[in-house]
Amino acid sequence: MAAAKFSIKTASSFFLVLYSTMILFFALPCFSSDPDPLQDFCVADLNSTTTTVNGYPCKPESQVTSSDFVFSGLVEEASTDNPEGLGVRFGNVKFFPGLNTLGLSVSRIDLAPGGIVPAHTHPRASEINYVMKGEVNVGFISTKNVLYSGVLKAGMMAVVPRGLVHYTKNVGGEKAVLLAILNCQLPGTVSLPSNIFGTKPTIPNDVLSKNFRVNQTVIANIKSKFAAI
């Protein structure tokens with residue numbers, strides 16, 4: 001019953017946050033990351049075999065309906081049953097085709113107590129983290145290796161500049177729920193742990209041992225933890 005009540009509250013909160021976000025990102029050109037659209041909308045045709053450059057081909061306007069502009073994929077919580085205690089429901093153009101060419105995506109992040117969003121970057125977008133429930137530590141690192149971080153509670157938000165390494169950790173005693181709002185329809189994610197230790201083919205152990213100043217046995221052990229990812 002408690003879970004059902006939270007789901008209803010969460011759904012209503014989504015509309016308020018998304019409405020505010022659209023005003024912020026669409027009214028201020030300085031927030032735009034993707035190219036400006038040259039038409040009212042361009043609902044993505046995800047089944048097209050045409051080569052895509054900065055977006056997907058448009059679905060014929062005659063086939064566009066109101067449902068193309070509505071998305072319910074963030075309402076239900078995502079499973080956090082994994083080593084990171086992290087669950088994500090994506091709201092980018094691949095899941096919500098109506099976002100095509102609009103320069104915006106929103107994803108839901110669920111974090112178990114102690115759960116973490118591993119250090120990562122978004123090469124094509126800046127990001128706002130809005131906390132809907134719980135208490136989290138959000139931090140990013142500048143190109144001068146300075147850490148900027150803070151603890152956020154429900155109703156607070158933090159901004160992460162484009163391309164910088166950042167992380168989020170649940171530091172409260174209950175599950176945390178955030179919205180990650182980015183000014184790109186497909187911002188890309190480079191997760192540092194899996195990007196370094198889980199590549200296919202793998203980065204040679206001697207290269208990584210030199211980078212991290214440890215012996216190759218340590219590198220091999222870390223790689224084994226990401227082999228199945």
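Numbering starts at 1 and runs along the chain as displayed.
Positions of Cβ are set from backbone N, Cα and C atoms, glycine also.
The disulfide bond annotation in TrEMBL covers CYS42-CYS58. Taking Cβ-Cβ distances under 8 Å and a sequence gap of 6 or more within the same chain, the neighbours of CYS42 (disulfide bond) are GLY55, TYR56, CYS58, LYS59, ASN100, THR101.
Among the features that TrEMBL reports, domain 'Cupin type-1' is placed at 72-220.
Other Cβ atoms within 10 Å of the Cβ of GLU127 (Mn(2+) binding site) number 23 in total over all chains. Summarising the annotation, TrEMBL assigns Mn(2+) binding site to HIS120, HIS122, GLU127, HIS166.
Look at TrEMBL and you will find HIS122, GLU127 tagged as oxalate binding site.
The Mn(2+) site is defined by HIS120, HIS122, GLU127, HIS166, and by the 8 Å test on Cβ atoms against their centroid, the other residues of the chain that qualify are THR121, ALA125, PHE140, VAL160, LEU164, VAL165, ALA180, PRO187, THR189. Cβ-based crowding with a 10 Å cutoff singles out HIS122 as the top-ranked of the binding-site residues HIS120, HIS122.
Annotation for HIS166 (Mn(2+) binding site): same-chain Cβ neighbours under 8 Å, separated by at least 6 residues, are ALA119, HIS120, THR121, GLU127, VAL138, GLY139, PHE140, ILE141, VAL160.
Per-class residue totals from DSSP over the domain 'Cupin type-1' (72-220), listed helix then strand then coil: 22 helix, 57 strand, 70 coil.
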